[in-house]
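Colleague: My questions will all concern the structure given below.
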């Protein structure tokens, strides 16, 4: 049998060039693959960083908005309380002024009514016969109307107060009964006004306390 031939190594330039080319191509592909992985990792990290920063910015904006809303609500509440306090102060002042005016008017009325009860009205109807002591004076209108000190305008010409130089017994009795009626009315009205005035003073005090507390 003939001996086996050993394979020859091709050490020519073309063979070496082919081998080098294959090696370089593999290394380039490997390098590209690694480079692509690095780029992908960097891009992913950049995206995650952007998302994290966006999330933190959103949380920061929400926190700022919440603080602004709380501050605005606090300021609005303060303004509302100040307005309510101002309204209460003005209401207390008006109430106090009304009480003062009415008190002055009624004090004048309580002074004038007894004085006017000493006079007769041109509209008075006085019986010439002496009535019983408890009989009220006859008059087409109340002898002490709510419009006093002005005489009631129930006729034309209007009624006037007058006082004869000399009174008849019937006139004297009529005036005496009118004085009694005037005293009773003044006393009753004073009692009623005292209660109303006290309630008004209490209302003013409550308004002032409410205003001061706000």
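Every residue gets a Cβ built from N, Cα and C, even glycine.
Below are the features listed in TrEMBL for this protein:
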- 1-30: region 'Disordered' (REGION)
- 15-24: compositional bias 'Polar residues' (COMPBIAS)
- 27-102: domain 'Pinin/SDK/MemA protein' (DOMAIN)
- 130-162: region 'Disordered' (REGION)
- 138-155: compositional bias 'Pro residues' (COMPBIAS)
- 178-201: region 'Disordered' (REGION)
- 185-201: compositional bias 'Basic and acidic residues' (COMPBIAS)
Colleague: Go ahead and report the DSSP secondary structure tallies for the domain 'Pinin/SDK/MemA protein' (27-102): helix first, then strand, then coil.
Modeller: 76 helix, 0 strand, 0 coil
Colleague: Per DSSP, what is the residue tally for the compositional bias 'Basic and acidic residues' (185-201) in helix, strand and coil?
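Modeller: Across the compositional bias 'Basic and acidic residues' (185-201), DSSP assigns the residues as follows: 17 helix, 0 strand, 0 coil.
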Colleague: How does the model score the domain 'Pinin/SDK/MemA protein' (27-102) in terms of mean pLDDT?
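Modeller: When the pLDDT values over the domain 'Pinin/SDK/MemA protein' (27-102) are averaged, the result is 83.
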